[in-house]
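Asker: For reference, the structure I am asking about is given below.
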Amino acid sequence: MMEATDGEEQMRAADHLLAPPNGGMNELLNVGQEDNMQGQMEEFLGPQSEYNEEEEERKYYRRKRLGVIKNVIAASVGAMIVYSVYMGLLQMQLILHYDMTYREVKYSNLGLEDIDRKMLMGINVTPIIGLLYTPVLIRFLGTKWMMFLASGIYALFVSTNYWERYYTLVPSAIAIGVAIVPLWASLGNYITRMAQQYYEYVNYKEEHVQEQRKLPKGVCHSYIIIFHSVFNIIFHLSFVFAEFPMRLVLNGYLHDDDKHILCNVKACGAVVSGVIPGFNTTVLTNLPRSMLLIQVESVLMGFAFLSMIIFLVLCGAAYRPTEEIDLRSIGWGNIFQLPFKHLRDYRLRLLCPFFIYSGFEVLFAITGFSLTYGVCILGLKNLWLLIVVYGLSCSVFSSLSLCILRLPRWLCLVSGAAVHFVLLVTLLVFSLQRKDNENYTWYLGPLLVITVLWGLGTALNKTGVSTLLGMLYAEEKERLDFVYTIYHWWQAIAIFIVYLWSNLPMRAKLSILLATLLVACYCYWVMERRLANDVRPRLPRIPRPRHKVKGYRYLEDDNSDESDSERSEEDEEKEEDEEHVVEEMVAEDREEGGQDRGAQGADSPRARRRGTEGHRRKWEDARVKDGERENHEGW
């Protein structure tokens with residue numbers, strides 16, 4: 001028994017010596033886990049064999065380029081929907097309010113015809129003052145938000161047609177007149193900026209792009225041509241979609257017999273004074289149901305909201321946030337004055353006749369020609385066909401501006417002007433005396449041919465002018481909003497003139513159009529000749545952004561919010577900054593009683609620089625003292 005007990009004790013001692021305690025085993029395991037985790041961390045943080053930085057960068061900028069294309073298409077579709085809704089509703093509204101039976105039965109003595117005149121006056125007269133506020137609105141709201149707000153105003157106009165009263169229709173029409181110039185200036189600015197951004201994303205490896213310097217001359221012209229062509233191809237479809245309410249709803253309520261509507265019309269074409277003298281005041285066979293009109297307006301309202309969502313969600317920003325800050329920081333007084341100062345530029349002055357003609361010819365096509373020639377000869381039921389053919393022609397032929405990629409840029413504008421010149425001469429001699437028993441349907445073919453050719457001229461004119469402005473000011477991205485504001489302001493003035501001349505003889509209208517076209521072609525030739533001779537335009541200097549000296553960001557020597565577009569005159573700007581600092585220093589010294597020393601310090605440039613450096617050194621010493629004081633207090 002004693003021997004067995006001694007053997008068990010020896011086995012327990014051996015087990016105790018051979019088996020380490022659990023603590024020792026855990027320590028060994030922890031050492032191995034730490035080595036393993038450290039190896040995994042080094043593998044994770046170290047250079048990845050599968051990661052290709054250049055390939056990832058290329059994919060990133062490809063996504064950026066696709067985003068720019070998405071922005072261009074979204075802005076084009078949004079503008080097309082806005083004007084489809086606006087023109088379709090306005091056309092249907094004017095036809096209904098023109099019918100005497102509709103006015104008497106629906107609204108008795110409300111005076112809808114007088115309301116329509118005031119509404120058109122608000123739409124056409126208000127844009128005349130657009131030059132005063134458009135740049136301020138675009139700089140304050142931003143290009144994208146200006147487009148969104150303007151589309152909301154058009155949606156407001158649609159909503160007021162649910163309750164047709166003076167206090168609903170007229171204020172909404174005035175609001176549309178206020179929004180026309182800002183909307184179009186923002187659209188032109190936006191499309192050109194997208195072309196500049198696309199060039200930057202394609203050439204992201206270039207040094208001037210990485211350092212955000214001013215673009216070299218002419219490098220993004222091809223993208224400007226393509227993007228403006230795409231915009232006009234899509235936008236001109238608005239004339240087609242605007243006729244859907246007319247064709248699908250209102251045409252079924254119009255008189256089938258044109259002899260009833262045109263019974264008192266004796267002549268058409270060039271010999272007419274006014275629009276259609278003798279046109280019957282009753283054009284509807286029966287009145288459309290109120291619920292049907294509400295349903296149509298609700299559909300149009302839905303599309304108006306869709307355009308707002310497109311501008312809000314699908315359109316990206318036109319400028320970087322720092323550039324937006326700089327655009328606003330030049331001072332509201334300067335923003336207000338710069339459109340007028342840009343009129344000193346001989347390029348804009350010589351293009352003004354083309355701006356005016358651009359407004360003349362579009363409004364003449366959809367009012368003067370389509371009514372005095374089209375409706376007067378073919379009847380009101382064929383109005384939609386003329387407008388649809390005109391819109392399709394404009395859309396298809398807008399693609400011809402892509403020829404500027406290979407041909408001279410003047411070819412687009414001059415070709416459109418030549419087409420319109422021939423058509424204006426033709427319309428001057430074309431007139432018709434109506435007879436009761438004669439069939440005029442065979443005139444449909446010639447009128448459609450004239451409509452297609454007029455659409456060809458419109459496409460070349462519209463696309464050519466907007467593309468030309470983008471090419472002339474492609475490198476001056478801080479001037480784009482002013483330039484496109486001037487363009488569409490002159491267009492608005494032309495539309496107002498067309499509104500005023502509605503009672504003039506047709507030959508007088510055509511003569512004004514022809515004279516304006518010839519003057520525009522001559523002025524454009526003079527402008528191209530001056531550019532070929534390298535005559536430098538007189539461009540107003542855009543002031544450098546003046547940020548408030550608050551926070552650490554603006555106390556540094558290098559302004560972190562400064563865009564590179566303002567660095568073309570660095571020497572002059574440095575002198576201005578030094579003078580500004582010296583003036584502040586002089587003012588401080590005068591307050592302290594050292595007026596003589598401050599005046600002497602501002603006499604020479606070298607002394608100014610010394611004063612600037614001394615002022616900066618004084619400010620740095622003050623910062624050091626403040627830091628020491630804070631450390632002492634903390635200790």
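In case you wondered, yes, glycine gets a Cβ from its N, Cα and C as well.
Residues annotated as transmembrane segment in TrEMBL: 68-89, 119-138, 169-191, 223-242, 299-319, 350-371, 383-403, 410-430, 442-461, 482-502, 508-527. Residues annotated as region 'Disordered' in TrEMBL: 553-635. According to TrEMBL, the feature compositional bias 'Acidic residues' maps to 557-591. The compositional bias 'Basic and acidic residues' annotation in TrEMBL covers 610-635.
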Asker: Between the transmembrane segment (442-461) and the transmembrane segment (299-319), are there three or more CB pairs that fall under 8 A, provided the residues in each pair are separated by 6 or more in sequence?
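Answerer: By the criterion, they do not touch.
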Asker: Between the transmembrane segment (68-89) and the transmembrane segment (223-242), are there three or more C-beta pairs closer than 8 Å, counting only pairs 6 or more apart along the chain?
Answerer: yes
Asker: Looking at the stretches 169-191, 223-242, 350-371, 482-502, which one shares the most CB pairs under 8 Å with the transmembrane segment (383-403)?
Answerer: 223-242
Asker: Taking contact to mean three or more C-beta pairs under 8 angstroms, with sequence separation of 6 or more, is the transmembrane segment (350-371) in contact with the transmembrane segment (508-527)?
Answerer: yes
Asker: Among 223-242, 442-461, 482-502, 508-527, which stretch has the most Cβ pairs under 8 Å to the transmembrane segment (119-138)?
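Answerer: That would be 482-502.
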Asker: So which of 169-191, 410-430, 508-527 is most in touch with the transmembrane segment (442-461), counting Cβ pairs under 8 Å?
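Answerer: The stretch with the most contacts is 410-430.
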Asker: Can you tell me which recorded stretch out of 169-191, 410-430, 508-527 has the most Cβ pairs within less than 8 Å of the transmembrane segment (482-502)?
Answerer: 169-191
